[in-house]
Amino acid sequence: MSCSWMIPVFAILAFVASAAQADVVEHTFNVATLSLPRICQPGNTSVTAVNGRVPGPQVEAREGDTVVIHVINDSPYNVTVHWHGVFQRGTPWADGPAMVTQCPIRPGHRYTYRFAVAGQEGTLWWHAHSSYMRATVYGALVIRPRRAGGYPFPTPYEEKTVLLGEWWNGDPVALESQSFSTGIPAPNADAYTINGMPGDSYLCPETTNRIAKFEVRRDKTYLLRIINAALNTAFFFKVAGHTFTVVAADASYTEPYATDVIVIAPGQTVDALMAADASPGCYHMAISSYQSAIPFPPRPAGFNGNTSTAVVEYVDATATTDAGSPVLPVMPKPNDTYTANQFYTSLTALIRPGRRTVPLTVDTRMLVTVGLGFSSCQPEQTQCNRSAPVVLANMNNVSFALPNTVSMLEALYRNTADGVYTRDFPDQPPVAFDYTSRGLLGNSPLASTGSPSTKVKTLRYNATVEMVLQNTALVGLESHPMHLHGFNFFVVAQGFGNNNGEAAGAGEFNLVNPQERNTVAVPTGGWAVIRFVADNPGMWAMHCHIDSHFAIGLAMVFEVESGPTPGTTLPPPPPDLPQC
């Protein structure tokens, strides 16, 4: 049986176990520009991609394997690759964020990333960590259990990778450069994509042949590995006529959670079982944007309100089955914060022998505001309107700037931090106020943000950190997906309004089975409390995974000191580490 109007263009990735254990997984990534057709516009656009594909190749390993990736930069841009969610224990030089752990790989140069995926299972991903190149330089990183183990849920019939993204008809790197120079935000994406394809909801002829297709067999169960690789957009995800059981988030197993909608912020991953138990036919898989900002942006200028689609097709239906147009799911409203919050707060960790547990004592406490503010044009913003303020993002009123002469990790290793960064990132905001009052929107002197600077928070080895991430309303309330490099953390509490420090005393902290993540969506007009143990020496960025916010300063860096043994000491850089 077939959906006759659709041409299959995407090969489904199904896992077939090999007979031999692979200890080393090795790939070569050729980063280069190529020409791809625009969406609903004539002509092509030039994009940067890995091995001629968007998304790039999927990297598959087993827990405990070593991954070796040779990156050859044949593009005209500097590039780095970040292995999102990989702890990089003992390999901090392989983490990838430009000017934090390495200088970029310059055009015509190469660098080999080497790291182990020990103590981790599940769905992670990789992406460029230099400019808006992440829009097209990304792919999945799947870590399966060791052969002696297995999943803590019924083994699925097949696994299918679902990469959600955004597409611009122009060059994203050029768009970012123009945005910085003018101080005007870059335009919204021209389309959302599933496995690099926009689907059939964009009313132009060429999209009818650019839709991802997922074939299923009735009464079989499938593991969907869902990754939000979008630069700026959180998504609602549904499949018409089907429900899900969430079993993992950010490569950490969860208690099974039944739902008909998945909410996923930029940077996050969700593993969900889907039973193919609907009437045989064709069904739309669909994503639509979750617009968390308050005030809500009106259409059409405020955001891309399109629904992007793929197709789930039953291949073992009878010849008499109606193979007409797929059924389209009913999507939540774009500003349905209730549905988003219900999903995020319903996830809890699956307790298993040997898993990490929540630290019950805290050494370092931090209250960190996250949001947007205003500042004057920077000298480098040559096309900026200097008679008007520009938006800068900040944490505790500090807008982060990357150094430009040496990476922060190299400065730490060589003890040359002076002139590169300072160790004075504040534990508290400079002024306490009603952080989420809507009366502050856009008209408060509190929104004034100073010039960007490079500040870090230094942590002693093995310190336990509790951080309250508090949204602010100075420019607009918005959910910020905050990603921490080098660690997972426990989300022990979250809520709306101001965090007044009473959640723990009121018994609102979950210290038994909180969800473990590497990226938390701080609620719109609210807060999240996270805990982690600083047992990984190095320089570890924490930033908003909305790239338009990261680019204007919504970031900071943890400097984690070495421990007392050779195995807990910052190692020397590899010999082929790129130089600035």
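For all residues, glycine too, the Cβ spot is worked out from N, Cα and C.
A TrEMBL annotation is a machine prediction, not a hand-curated record.
Marked as signal peptide by TrEMBL: 1-22.
Averaged over the domain 'Plastocyanin-like' (44-147), the predicted model has a pLDDT of 96. TrEMBL lists 44-147 (among others) with the feature domain 'Plastocyanin-like'.
Annotated domain 'Plastocyanin-like' per TrEMBL: 159-293 (among others), in sequence order.
Annotation source TrEMBL lists domain 'Plastocyanin-like' at 424-562 (among others). With DSSP states grouped into helix (H, G, I), strand (E, B) and coil, the domain 'Plastocyanin-like' (424-562) comes out at 10 helix, 59 strand, 70 coil.
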Run through the domain 'Plastocyanin-like' (159-293) and tell me, per DSSP, how many residues are helix, strand and coil.
16 helix, 65 strand, 54 coil
For the domain 'Plastocyanin-like' (44-147), the number of residues DSSP places in helix, strand and coil:
8 helix, 49 strand, 47 coil
